[in-house]
Amino acid sequence: MSPSYVRSFSEGCLRPPTVIGQFHTLFFGSVRMFFLGVLGFAVYGNEALHFSCDPDKREVNLFCYNQFRPITPQVFWALQLVIVLVPGAFFHLYAACKSIKQEDNLQKSFYTGFYIFSVFLRIILEAVAFWLQTQLFGFKVNAIYMCDMGVLEKKFNVTRCMVPEHFEKTIFLIAMYTFTVITVFLCVAEIFEITCRRLGFLKTQ
């Protein structure tokens with residue numbers, strides 16, 4: 001791989017062609033990932049160990065925790081971040097293969113349309129992730145979870161389980177919803193910026 005190709009890739013492709021896109025990259029890459037990686041581990045890291053039910057047996061705790069968390073929030077949000085990055089990654093990969101300069105991304109209709117499509121796809125993926133999060137985790141983590149034990153032990157139909165640090169998890173949950181909303185807002189604003197540049201209302205970078 002030649003040095004000129006590497007320079008073209010780093011200067012012309014990794015940097016989004018809009019101001020809002022660059023801010024989104026900073027917000028997405030820094031704040032959101034830091035929040036999930038550092039604070040997410042602090043809040044959810046030992047959840048399974050402290051999740052306890054009545055009766056407090058290992059098999060009961062594991063069974064009810066798997067019922068309570070079909071997928072752990074950390075895994076879900078990590079998958080969300082990776083999947084949402086895919087549309088932009090495809091655009092940058094295409095731009096790298098075609099040796100498209102950063103300043104040319106908004107000059108040609110095809111490149112502009114391709115980039116807008118990637119932003120629209122990002123919005124759709126964020127919206128789907130938001131809906132899935134509401135179905136999996138809701139908007140509040142309760143202190144008590146009622147576990148259906150009918151499959152494991154016939155004599156225990158429903159048992160009470162204690163969810164550790166439920167208030168902290170609720171705050172974290174709301175924060176992740178907020179990050180998704182902010183990301184969607186930035187994507188919409190980026191499309192608006194691109195439209196304004198194409199119409200000549202804003203000076204092209």
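A Cβ is built for glycine as well, from the same backbone N, Cα and C atoms used for every other residue.
The domain 'Connexin cysteine-rich' annotation in TrEMBL covers 125-194. What TrEMBL lists as transmembrane segment is 25-44, 75-97, 109-132, 171-192.
Helix, strand and coil counts from DSSP across the domain 'Connexin cysteine-rich' (125-194) read 42 helix, 10 strand, 18 coil. Sequence-remote contacts of a segment are chain residues at least 6 beyond its ends whose Cβ falls under 8 Å from one of its Cβ atoms, and for the transmembrane segment (171-192) they are 16, 18, 20-21, 23-24, 27-28, 31-32, 35-36, 39-40, 43-44, 73, 77, 84, 116, 119-120, 122-123, 126-127, 129-130, 133, 137-141.
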